[in-house]
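Here's a structure for you.
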Amino acid sequence: MNPIDCQKPTFALTTPLYYVNAAPHLGSAYTTIVADAIARFKRLQGQSVLMITGTDEHGQKIQRAAQASGINPQEHCDRVAATFASLWQKLNIQYDRFSRTTATDHEKIVKDFFERVWNKGDIYLDRQKGWYCVACEEFKEERELIEDRHCAIHTNLQTEWRDEENYFFRLSNYQQQLEQLYAEKPDFIQPQSRRNEVLNFVKQGLRDFSISRVNIDWGFPIPKDPKHTIYVWFDALLGYVTALLDSQQEPTLENALSHWWPIDLHLIGKDILRFHAVYWPAMLLSAELPLPRQVVGHGFLTKDGKKMGKSSGNTVDPVELVERYGSDAVRYYFLKEIEFGQDGDYNEIRFVSVLNADLANDLGNLLNRTLGMTKKYCQGQVPSVRGEEISTAENTLKTLGTDLGDRVAQAYNSLDFTQACEQIFILIRSCNKFIDEQAPWLLYKQKKQTEVEKILYAVLESVRLSAYLLSPIIPNLSNAVYQQLGLDLDFNNLASVNPRDNFEKHAQWGFLPASGSLKPAKPIFPQLELPSD
Ligand code: MSP
């Protein structure tokens with residue numbers, strides 16, 4: 001994946017706005033965990049960040065879900081939206097805005113936008129006939145369907161025949177401009193495989209799509225013709241714009257777009273690529289507004305090889321997982337184990353074994369044993385060695401640590417979290433090996449105090465650097481490491497403007513000040529066990 005822009009002082013990113021047909025599952029949590037790790041890394045680097053998440057609350061799918069639970073749609077949305085917000089809190093997600101598409105401000109923004117597109121002459125009335133997947137909220141081409149006219153994404157659901165009068169958006173008018181956009185900005189859609197998917201789709205010729213529904217009252221009325229409601233996707237994409245309004249601002253399109261627009265990164269799953277990489281830029285072109293900088297589509301979490309989803313009923317409950325294992329465990333597993341961009345299968349046995357190996361043993365035990373030795377051999381103080389006094393020739397950890405910050409930054413900016421973790425864990429594992437080889441306990445007995453101190457300093461500093469660089473992924477564990485090293489940076493509360501030179505200092509091997517007091521060693525991550533049931 002090509003790196004995302006890291007030089008700008010500000011960075012705005014979005015997760016999708018999740019449907020509230022049911023409580024969140026692990027698949028929806030995945031996108032949000034990824035977005036949070038990016039946002040945290042950007043803040044660590046000193047960028048001012050706006051992270052937007054929220055819920056998509058209109059349309060037939062939600063209307064039916066509310067009917068099934070026997071409550072009115074708004075009450076249903078309020079309940080389910082609250083379960084999303086509560087999960088984000090449990091997962092330690094630091095979002096700045098939570099955009100709900102049933103908010104009154106949003107209605108005004110949708111109306112303003114609709115009018116711009118209407119005045120442009122890009123909306124007309126026609127007849128829509130076709131197969132509709134309510135779970136996707138999308139008309140499907142006959143060739144996209146599988147056996148028995150089931151949707152290829154929601155394989156247990158049959159599509160429904162529709163034949164009705166709808167308003168249409170002239171997507172076909174934007175074929176050329178979109179092709180030009182993809183050609184001029186090859187990074188607009190990432191990764192490359194998703195870009196190719198979009199290019200192939202657009203090459204086949206764009207067809208206008210319907211942006212209103214009849215017989216569904218759970219949505220905003222079309223301003224010119226209120227017996228139609230606005231199609232849920234037309235409404236939902238604009239939720240990203242509404243999110244930009246400050247709480248005091250009058251809800252106008254102009255106000256919303258005055259700050260933070262255009263969005264730097266729309267992070268989405270591959271199933272909603274077409275909406276974000278084709279429909280959305282075309283809608284913005286029609287409204288004559290600047291386009292977002294990048295759309296990145298990740299893969300699916302699968303269970304037994306099938307897309308995990310609320311409509312398919314094969315989900316894993318993220319609340320249960322986070323309550324059993326803790327937020328850092330869940331975050332680490334999904335960021336490290338699922339190669340970003342690819343599909344990845346969730347498996348609890350693997351989950352437990354990866355966490356035990358990496359966090360409990362390699363990192364947790366390393367910190368514990370090193371603090372123990374420092375207490376014994378150096379009175380519980382960071383040895384009075386300075387990083388620059390250790391030469392790379394005499395110390396492999398310094399060699400590995402010297403440009404680790406740059407390599408990990410490059411990995412984060414390319415959204416390669418697996419690589420970021422791997423690079424950091426090479427250093428962590430080398431620390432364990434280094435201690436075993438150097439055997440400071442023997443050197444201590446031989447009264448080689450200076451050597452003992454250099455070894456322990458190098459290990460403590462490598463652990464510190466690792467914790468710093470892992471903080472976008474496991475902020476609580478990084479805090480625990482920093483705290484035991486006697487350092488007082490709170491990764492859950494980086495000052496709103498974290499100056500750029502902070503990153504340059506902290507991400508540098510050798511930053512750990514000599515002679516600081518260390519805190520008593522406490523295990524930072526317990527050995528996990530599989531549930532017995
Ligand atoms: N409401 C729309 C998005 C509107 S954005 C303006 C929507 N909602 S969703 O709840 O169905 O999906 C939200 C996101 O969760 C999508 O990016 C989707 O790809 C992601 N995931 C849903 N199931 C998933 C997996 N099993 N695995 C990974 N992500 C998946 O679409």
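Glycine too: its Cβ is placed from the backbone N, Cα and C atoms.
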Per TrEMBL, which of 18-28, 128-138, 227-237, 480-490 is motif ''HIGH' region'?
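In TrEMBL, the motif ''HIGH' region' feature sits at 18-28.
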When you get a sec, could you say which of 172-176, 307-311, 372-376, 497-501 is annotated motif ''KMSKS' region' by TrEMBL?
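Range annotated as motif ''KMSKS' region' by TrEMBL: 307-311.
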Whole-number Å only: compute the distance from the Cα of H154 (Zn(2+) binding site) to the Cα of K306 (ATP binding site).
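Counting only the Cα atoms, the answer is 10 Å.
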So which residues does the motif ''HIGH' region' (18-28) touch in its own chain, when a touch means Cβ under 8 Å and the partner is 6 or more beyond its ends?
53-57, 61-62, 64-65, 76-77, 80-81, 83-84, 87, 269, 300-301, 307-311, 315-319, 321, 346
Using all protein chains shown, find which of the binding-site residues H154, K306 scores highest when you count other CB atoms within 10 A of its CB.
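Of the binding-site residues H154, K306, the highest Cβ count within 10 Å belongs to H154.
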Residues with Cβ closer than 8 Å to the Cβ of C133 (Zn(2+) binding site), same chain and 6+ apart in sequence?
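Spatial neighbours, sequence-distant, of C133 (Zn(2+) binding site): F139, K140, C151, I153, H154, L157, T159, E160.
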List, in sequence order, the same-chain residues at least six positions removed whose CB sits under 8 Å from that of C136 (Zn(2+) binding site)?
C151, I153, H154, D271
